[in-house]
Amino acid sequence: MDHEHVREVDPAVADALAGERDRQEQTLAMIASENHVSEAVLEAQGSVLTNKYAEGYPGSRYYAGCEYADEVEELAIERAKELWGAEHVNVQPHSGTQANQAVYYSVLEPGDKILSLELNHGGHLSHGHPANFTGQLYDVEQYEVDPESGYIDYEGLRDTAESFDPDIIVSGYSAYPRTVDWEEIQAAADAVDAYHLADIAHITGLVAAGVHPSPVGVADFVTGSTHKTIRAGRGGIVMCDAEFADDVDAAVFPGGQGGPLMHNVAGKAVGFKEALQPEFEEYARNVVDNAEVLAETLREHGLSLVSGGTDNHLVLADLRDSHPDLSGGEAEDALAAANIVLNGNTVPGETRSPFDPSGIRAGTAGLTTRGFDADAVEEVGELIYRVVDDVDSDDVIYEVGERVVELCEAHPLYE
Ligand SMILES: *Cc1c(COP(=O)(O)O)cnc(C)c1O
C-alpha cells in the first residue's frame with residue numbers, strides 16, 4: 001500500500017494518503033462508527049468498477065457492458081440476504097443517510113409525520129434534525145430516553161405516538177449503548193398504523209452475527225451502513241419485505257441517486273463474504289465483550305456511563321458527575337493528542353452545546369479488528385481515564401501517547 005501510481009502523478013495526495021495510513025496504524029480508532037476493512041475490501045473498492053456506469057439493477061440496466069457489474073451486485077445482494085435474512089435487499093445506497101432517504105421517499109409525502117429519537121439522546125441527523133432535509137421536508141416529533149435509566153422510554157414513545165399519530169416511527173441509533181426492543185417499537189407503530197423504520201447503521205455487524213436481536217421480519221424497513229460494525233467499506237443498504245421491494249428500488253434509483261458506485265458495491269460483496277465466515281461471529285462477540293470491559297474499567301474509575309454500561313459496541317460517558325469542569329470536546333482533544341481518537345458526544349439532558357458537549361463516546365469495533373483482547377482493552381480504558389483525569393498534563397499525554405503507539409505496533413493493521 002505505497003500508492004506508487006498516485007505518487008507519480010500527485011505527490012501531495014500521496015503524502016496525505018501515507019499520512020492517513022500511518023495515522024490509522026499508530027492511533028486507536030475508537031470513534032464508535034469507524035472500523036478497518038481488509039486489504040481485500042480495499043482492493044475491491046479501488047478497482048476498475050469505478051469506471052462503470054450501471055444505472056438500474058442486475059439484468060435490467062440502462063447501459064451496455066454491465067455483465068460483471070451484474071455479477072458483483074448479485075453476489076452482494078445474495079450475501080446480504082444470507083447475513084440478515086431479509087426478503088429484499090438494495091445494496092446501492094451511497095451511505096446510510098441515503099438509505100434512509102430512500103425509505104422516506106418510498107412511503108412518505110412532504111409534510112408527513114416522522115417520530116424519532118431526539119439527537120441528544122442518541123438519534124441521527126437523518127431522523128428529522130432541522131439541519132437535515134428530513135427536518136425540513138417532514139413534520140417531526142421526537143421521543144427520548146428515560147433521564148434516570150438512560151434506556152429508551154418506550155412508554156413515552158407510545159404516548160407520543162398516540163398523540164402525534166406519525167406516518168413512520170424510526171428506531172435505531174447513533175449513540176445508544178443498550179439493546180433495542182424492536183417488538184416494543186413495532187407494537188407502538190402498529191397501534192397507530194405507522195410504518196416502522198429500524199436504522200441499524202451502528203449495529204449492522206452485531207445483528208448479522210446474532211449478538212444483537214434483529215429487526216428484520218419485525219420492522220417494515222431496515223437500513224444500515226456497511227462500514228461500522230461490519231467491515232464492507234463505506235456505504236448503505238436497505239432491507240424490506242417483498243411488498244416494498246419495487247418502491248424502495250425506485251426510491252434509490254432513479255428517485256434519489258444516479259449510477260451506483262459499483263466499486264463500493266464490490267467492496268460490500270467482499271466484506272459481506274468475510275462476514276459470512278464463522279470467525280465473524282467470534283469477532284462480533286469479542287466487540288461486545290471488549291465494550292463491556294471498557295465500560296467496567298471506566299466505571300471503576302468513577303466515570304458515569306449513560307445507562308450505566310453497555311450491551312453493544314459502544315460506551316457513552318457523561319463527564320458532568322466526575323469532571324464537571326471538563327467538556328467532551330476538551331477530553332476529545334487531549335485524548336487525540338495521546339493517540340486515542342474518539343469523539344465528544346451529546347448526552348441525554350445535555351447542558352452544553354452540540355459543538356462542545358458533555359460526554360465522550362467510544363467504540364470497540366476498530367480495536368477488536370486489530371486483535372485487542374480483554375487485557376489490552378482494559379489497559380486502553382486505564383489510559384483513557386489517565387488522560388481524562390489530567391487533560392492539562394503534557395507529561396501524561398506524552399506518556400499515554402507513547403504507550404498507545406506501542407500497543408498499536410503490537411497490533412498492526414496493514415502490511
Ligand atoms: C452512521 C449512521 C447513519 C449513516 O450515516 P452515513 O454517514 O450517511 O453513512 C445512519 N443512521 C444512524 C443511526 C447512524 O448512526
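Glycine too: its Cβ is placed from the backbone N, Cα and C atoms.
TrEMBL annotations: computationally assigned, not manually curated.
The (6S)-5,6,7,8-tetrahydrofolate binding site annotation in TrEMBL covers LEU119, GLY123, HIS124, LEU125, SER353, PRO354, PHE355. Positions annotated as domain 'Serine hydroxymethyltransferase-like' by TrEMBL: 7-384. Positions annotated as N6-(pyridoxal phosphate)lysine by TrEMBL: LYS228. Sequence annotations record features per position, and here TrEMBL assigns site 'Plays an important role in substrate specificity' to HIS227.
The two recorded residues, GLY123 ((6S)-5,6,7,8-tetrahydrofolate binding site) and LYS228 (N6-(pyridoxal phosphate)lysine), show a Cα separation of 16 Å. In sequence order, GLY329 are the residues of the chain that are 6 or more apart from PHE355 ((6S)-5,6,7,8-tetrahydrofolate binding site) and have a CB within less than 8 Å of its CB. Checking the recorded positions GLY123, HIS124, HIS227, SER353, PHE355 against ligand 1, the ones whose Cβ sits under 6 Å from it are HIS124. The residue listed as 'N6-(pyridoxal phosphate)lysine' sits 14 Å from HIS124 ((6S)-5,6,7,8-tetrahydrofolate binding site), taking the Cα positions as reference. Comparing Cβ neighbour counts within 10 Å across the recorded positions HIS124, HIS227, LYS228, the minimum falls on HIS124. Those residues noted as binding (6S)-5,6,7,8-tetrahydrofolate (LEU119, GLY123, HIS124, LEU125, SER353, PRO354, PHE355) have their most widely separated CA atoms at a distance of 16 Å.
Summed and averaged per residue, pLDDT over the domain 'Serine hydroxymethyltransferase-like' (7-384) gives 97.
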